[in-house]
Amino acid sequence: MAKRVAIVGAGVSGLASIKCCLEEGLEPTCFERSDDLGGLWRFTEHVEEGRASLYKSVVSNSCKEMSCYPDFPFPEDYPNYVPNSHFLEYLRMYANQFNLLKCIQFKTKVCSVTKHEDFNTTGQWDVVTLCEGKQESAVFDAVMVCTGFLTNPYLPLDSFPGINTFKGQYFHSRQYKHPDIFKDKSVLVVGMGNSGTDIAVEASHLAKKVFLSTTGGAWVISRVFDSGYPWDMVFMTRFQNMFRNSLPTPIVNWLIAKKMNSWFNHANYGLIPEDRIQLREPVLNDELPGRIITGKVLIKPSIKEVKENSVVFNSSPEEEPIDIIVFATGYTFAFPFLDESVVKVEDGQASLYKYIFPAHLQKPTLAVIGLIKPLGSLLPTGDTQARWAVRVLKGVNKLPPSSVMIQEVNTRKENKPSGFGLCYCKALQSDYIAYIDELLTYIDAKPNMFSLLLTDPHLALTIFFGPCTPYQFRLTGPGKWEGARNAIMTQWDRTFKVTKTRIVKESPSPFASLLKLFSFLALLVAIFQIFL
């Protein structure tokens, strides 16, 4: 009899988890508290309790070739950076393609997940749900939690002296939907993550004045990177990842700073990060430098004091009149349906082995999927997490002893960044390629570069030097996708299809053959170093 798996949430990770369960012959039941799938990517005019919220203009920060599910490319006529409405439609297509809707119970809230009375023997869970006022309880062999980390706003008002005296309007960025509220107002956005920067830029088109307050600065990059290519298709390659990981940290930091400043000098715009030893993820925004240089956005340091109708910034004695304050200060996360004895969240971190499994459970029958913030898309990350997790839940793959897992979790906690402006989400960050490769190794699905070099050198070169697109993650092993090779070899065709809307003649490069030869030799050297 197939094992029954309860999946909490029908967002991007929940959908991947349903599919992975079906692939392994398990029986998934997904509980979604809202009336539709999509999670974060489903825009609504009003904020819904327990669900991530986004503003109308949100566009993906990862391009379509880097942010799709590994066995389901975006339609080729989609723009390279996908608006939220297109993204939601893509998720609907994914659910229909793999017949996932039959496994989802909508308008069903998970009230509690507790250990069954014989958990130490069976590993089973009691799941209590509420649907249209009716409460039900069922026993499941395993549970996959896919609720994400963007539902509980982090609003540290105690860090802003005088905020209680402010007579204007203030709210967390989670409440933001449209820029109309900023028309002819003086606006202050606190926090320079992607959301804070987006909101400041949007506000600057309508507001009287916009201030963007940042504690530590940030590197800002455009979606349009070298030679007009999508930033992540240039930046995120196996070759570059190996190169960065093989150099001393100061050199890597210097190289990254040089690259970041190639668009504009961050120091001249008051943006250069104060802590250049501990690199923060870059902020993606195509307009910010232009808004700053035209005086539409003013970069300010942290807030010293909030007054009735104004704000005083650190290192600046002047009071700046303010009508609206938007706190883009990030999120915390919690599992209200789980007891602390199952997953304890402390100081913004959960004791999860590889960001997935509670390290102390007697039976590895509960997995958390998507509670991670890679410098890359969550779709392929969640899919890879789910593939491994499902095989552990099924009993095909085994976890290390609890003591080993706890030690690794504790080590990660000790290395956690700290300080206001980093928020709890920083504790969830990981090295995208290295992390996914590690999980792929556990299920024997990591591409074997040496073998590919001998059997399919063209593919090997493309995988190593080209963008690390998700198709690589289902090239081999359990859940292998037969279309993976073709998707890899045609990834640039789909990228340019939506930009080359006017045909132009191109001259062939005389150096193309030499470049291919150099790439082949470089790959040989890299593989030789790996096997030394």
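Backbone N, Cα and C define each Cβ position, glycine as well.
For the FAD site, Swiss-Prot gives Gly9, Ala10, Gly11, Val12, Ser13, Leu40, Trp41, Asn61, Ser62; the one candidate out of Glu32, Glu49 that the record lists there too is Glu32. Along the topological domain 'Lumenal' (2-510), the predicted structure has mean pLDDT 93.
Whole-number maximum of the Cα to Cα distances across the FAD-binding residues Gly9, Ala10, Gly11, Val12, Ser13, Glu32, Leu40, Trp41, Asn61, Ser62: 26 angstrom. The Cβ of Lys208 (site 'Important for substrate binding') has 13 neighbouring Cβ atoms from other residues within 10 Å, across all protein chains displayed. Of all the Cβ atoms in the protein chains shown, 13 others lie within 10 Å of the Cβ of Ala2 (N-acetylalanine).
Counting other CB atoms no more than 10 Å from each candidate's CB, the binding-site residues Ser13, Ser60, Asn61 peak at Ser13. Within its own chain, Asp198 (NADP(+) binding site) has Tyr55, Ser57, Val58, Asn285 as residues 6 or more apart in sequence whose C-beta sits under 8 angstroms from its own. In this view, Gly11 (FAD binding site) is surrounded by 27 other Cβ atoms within 10 Å of its Cβ, with every protein chain counted.
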